[in-house]
Amino acid sequence: MDQEKVKGKKVAFNQKSGVPSPLIPATTLDASSQRIFLISVFVLAQAWKIYDLYILRNDDLRKVLLNKQILYFVSPEVFFFIKYCFIDCSLLIANFILKVPRLTLGALTFITVAASLSTIDFVLAFNVGFPTFVFGIPSILKRLSFSRELAINENFVDPLIDQSSHFKGRKTLRFAPDSSIQLNPYEDHFCLQALYKKPVEVPIAYETSAGLKLLQISYKDLNNGISTLNYTGRDLKRLLVKNTPSSGEYDPAASEYHMLKLPIGRPGSYSIKSAIDGKGKQIKQHRSTMIIPICPEASFNDGQTKDRCVGDLLGDLSINVLGVPPFTLYYEEEINGELSHIPKSILVPEEDDFFSPLLSKELYTGQKQKSLPRFSRTDLRDISWAKSRSIDVSIGKRSIEKSGNYIYTIGKVIDGFGNIVEYVPDGTDSGTFRSVKSHPLPTISLVNTEPNIPILQQYEKYLEVKLNNVPCMSCEAPYTVVFKYVPEGNGASEQKPEIFSKIFDFRTPARILAARPGTYSIETASSKYCECKLGTSTLSITQAKIPAVDIGLERIVDKCVGTTGFKFNFEFMGSAPFRIGYQISRLDPSNPQRTISLEKKGSIYSESTVNEYEFDPPSEGSFAIEFLSLSDKYYHDKVKFVKHEHRYVTYFKQRPKAYFSRTNKVRQVSACNGGSANMSLHLEGKAPFDVTYSLISPDYKIESYQLYNISEPVVFLTTSALSKGGEYVLSLRNVSDSSNCPVDFKGQEVHIHVRNDIPQLDFSTTHNYSLVQGKELAVPLKLDSDHEIDLTYMYTSFDGHKKTKTSTINPVDGLSVVDEGTYSLSSFHQDGCPGKVGPANSISVKYLDKPYITIIDKSDEPTNQNNGAFRVRDICENSDGVVNLRASGVGPFVIQYSVRYPNGVVENKRQQQPNRNFAVQLKTSESGKYVWTIRGIYDSIYTEKVLNNLEGRGIYHFKPIRVESVVNPLPQAIITNKNNKLQTCISALKSQKDIKPIQLSLSGKLPMDVKFTLVHDQENKAESIWLRHLETRTVNVNALYEYMNLGTYYISVAEVRDANGCVSTDNNNEKLTIQVNDVPKIRHLIEESSVISDHGQRKLEQADMEGDTEVNYYCVGDYINYMLSGVPPFTVYYEFNGLKQVVKVKSNYFRRRAPESGELNILAVSDSSSKNCIANFTEDARNDLKVKVFDLPSVEIDSGESDEEDIYEGDQANITLRFIGHAPFKVTYVRKDLSEEGKIVETEVIDNIMENQYQFSANMEGTYEAIEIQDAYCIARNNQI
């Protein structure tokens, strides 16, 4: 591969094609990838350009672009142009350097593409078309330039005129310097690290013109050993600082000022003993002694920071402070992320003989850090007090009050010299960061969750372990709990306790198995870190035994018939209550092993441990009773008896019996007044039977009855008619059968309760009742008793249909009816007895009227169109319109209606009205046809729920009522040329030929009337003007000009009426401004000048007092202002220094800078109100418009150059001032300090200088410069000083 040198660089060429090879070899990145990457970057840049262009065109987002741009002093458009010109050109340059194949550009192509992209960037930035860009290059360059101002000669000048050119030269007087030297001139603080590895560099400043030859430093160590450190000229050159910083009282600008950096690596006191310059003379010393101690440091002592518990002491945690006491220590405590704000600690050794002069300096407080401490000779005689001492600060002698993370960090430490060492918290640095984890003290308890259940067989009982006062149980796990178990026994001394332990993590329930009765208790418990407090720690657990029973048997023997039953005596063992199950079986008398039937199966319940049970068979025969199972409080059917273990069998005989009821000896029977009573008598024994009984009436009359040869086991007894109300008693007197055994019938009676009277039923009132259709009505009944009755009544509808109905009701609740019609009582029974119906046995029930609504507007009559809809009269938009309605029913009423708007939208509404007569407000916010449809009405009786129920059953339907309303739009009068401010000259009002008409566009029903309001800006009085009977939609209104005069008029449309009678008064936007201008006027504005001198100001004030308006003085740099009256833009014709100018002025002020001296004269002025409105001052000259401009005065010191002169202290030097301008002159000069640049130490003013040259003497060191010069007219100020 050949190489050719081109312009000092080596460029590689391809041997075959002669095309330069790419900068990045194809072996590193292939050519196609390079092209894709470069094209992607270019496309991304163009996308970014489009994004910024969108922000630039958006007024709201434009502020964001302005805040982000780097060049804040230019507009966003300029910044956009500069930014993307740079990006596009950078990409082209990168392409030129990379030489990517197929993208390589030649020099001419490169320039063409760069220029094209820059042109596109400019067009996009400033939003101009390409022709505008081509023909507007001068204005473009003008826009890109910085803002400048127009002068009288119509040239652009800088807005800030540099007046420093009127001040030339300055004089510097300098005293011959004295030699001096000072140790640590800036009074910096220095200290050495504890291991003395790195020395500190202490500055020594000296000032001498002969150089420094020898330096001796007096050194005293902390044991008061004194030695001298000698530094020769060679040593001093090595320690010399080339670039001396500016500080202290030394002047670094002086060539004799030098700085040394003296390395010091041992603690002690240092002072300059001797300094000799190159001429062998002693250099004046600034007496100062500085002490360099060991730097303070603070760190935590080597103590354990293990986990601790609440209530423990922090332990041996302490901070060791090393340095020169007294100290101020700052450390911080953070508990669970919250700072404790521990106050600073002042540390002083506790020795009684401790003394240090630093105690009175208070530098250790950190409040006085700007100056070094000053020590007396007594303090410096013995400096052993500056030795480092160690003080331990214990922070662990207090108990931990709550659990969490305790973090201790050292912030900073200050020693007695004011040296500050600050520490940044670092969790890895154990010297300044310690962390202690405090754990809670859990409260542990042993809980019997089922205290009512003892230990049972085949049932596991557990005791749970509960924790309290632990926010996170798993965090403190595992928990080790030691339990003690004492078995249950008679003597406590005989019981040997058992000790066992368990470990819990409380992720699952923590519990222990109580398998045996006894006392369970927690002896000790601990978490992973702390001992636990004991809550309820002891529980006594019992065990329930299997129940058992001892059954004793006694036979029940009758002397006549033998065994009639068994009596069982039970003695239970277990936990009451007890239940023993049994079954009774009837057996075959001939074969007791054969069971005929199972008569009964049940259980015997006992709450005590002893109980009796008598088994009395229901009839004579062979029976067996067997006890099957036994249960107690805890064991249910746990004990099952062995089959036939407790089975008792015998043949039971029965004594003859006669009874009305097997369960009760006295039977209660009710009977009706005048009716009879029936009862059954049961006979058991050997038939036939003979029965004698008696019936005792309420008045104690006794009637006896006898029945013979009764062979049936049941006989029915019927009494005669019972006519007296009260209680009859039927009792057995004698019963006998065919056996010789007596029949048991004693106490068998029937008490017959006979009603005292026959109940009578009536309606409480017989007036007509009203009923809400769909609801029930309880019609009150009149009856002496509140017992239920079986009622039969007749219902007759109003159309003649009859129906008999029966119902069981409580007379107190009344008769419930749901339909209108006539209701008649037919008959009733109460408690099985018939009653009689009284005369008030018929009522009439009628439905209450349902609510309805009517329209009561007399002027609104129904039409035959639109299905009988009501049509109200047409109304105007935004006017008031109502529909008056009347509701019938019981208020308040709820009206449900819908409104269909002209746009087709339907809105459903509900409205509640307390009164019968009310109005619905019509919608008029939008013109068009409105349809109001009333879809329902409800009142307080027929609510929406009731009527919807009736409608669902098909017995009610509300016919919608529709009301139509047409709203006519409001007329409008639009001033079509309201955006143009019309102007005219007052002379054109009469002819009205050149006046632009007021163009009016009308909408509404013709003809129309328009009312205008005409307001003059000076009179502030409105005048109303009507234009009536306008027959066209477009009207040119010139009649309003007849009411105008000189000034500005504000025309607005106040009111518009059309043929529909609609009136529009909301025409706030229809406003037009007409300016009736006078011929243009110009007058001179006098502004306060910043460059008029005191003498010139007095001349102007004198001319003003004398009334001389022709004196208008200005200085170069002043603004010359004229105020123009008329219609802008104006054309101003003027002449300055013989050159005539014609200027277009867009505002009412003509303002120009005075760039040079000369005279200005206004020739003529015209405005834009009319072509003929022009004011010409060439014939009638106006001297008040003439202006004379004076040049600024100048001052020169000596030769006009910067001159320096050395003088000795006490001598004088002459300074000469030369002036250019008009006498008298007034000059102000200053003297600057040489040690501090720019500092003015003296200012002098010399006035009434009548010559062009002035000389004065000076004997003070400094630089003398003029800052202000005044002549007879103008003043110049040196802004650079």
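From the backbone N, Cα and C atoms, a Cβ is placed for every residue, glycine too.
Taken from TrEMBL as is:
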DOMAIN    30-128  domain 'Nucleoporin POM152 N-terminal transmembrane'
TRANSMEM  36-56  transmembrane segment
TRANSMEM  78-98  transmembrane segment
TRANSMEM  105-130  transmembrane segment
DOMAIN    180-291  domain 'Nucleoporin POM152 first Ig-like'
DOMAIN    544-654  domain 'Nucleoporin POM152 immunoglobulin-like'
DOMAIN    655-742  domain 'Nucleoporin POM152 Ig-like'
DOMAIN    759-841  domain 'Nucleoporin POM152 Ig-like'
DOMAIN    871-949  domain 'Nucleoporin POM152 immunoglobulin-like'
DOMAIN    1112-1176  domain 'Nucleoporin POM152 ninth Ig-like'
DOMAIN    1201-1274  domain 'Nucleoporin POM152 Ig-like'
Under 8 Å between C-beta atoms and at least six residues away from its ends: which parts of the chain pack against the transmembrane segment (36-56)? 62, 64-65, 76-77, 80, 83-84, 87-88, 91, 94-95, 98, 100, 103, 121, 124-125
Which bits of the chain, at least 6 residues beyond where the transmembrane segment (105-130) starts or stops, bring a Cβ under 8 A of a Cβ in it? 49, 53, 56-57, 77-78, 80-81, 84-85, 88-89, 92, 95-96, 136, 140, 143
DSSP helix, strand and coil counts for the domain 'Nucleoporin POM152 immunoglobulin-like' (544-654)? 0 helix, 75 strand, 36 coil
Which one of these stretches, 871-949, 1112-1176, 1201-1274, has the most C-beta pairs shorter than 8 Å to the domain 'Nucleoporin POM152 first Ig-like' (180-291)? 1201-1274
Could you put numbers on the helix, strand and coil content of the domain 'Nucleoporin POM152 Ig-like' (655-742), residue by residue per DSSP? 0 helix, 49 strand, 39 coil
Across the domain 'Nucleoporin POM152 Ig-like' (1201-1274), what does the pLDDT come to on average, as a whole number? 86
Do you know the DSSP helix, strand and coil residue counts for the domain 'Nucleoporin POM152 Ig-like' (759-841)? 0 helix, 45 strand, 38 coil
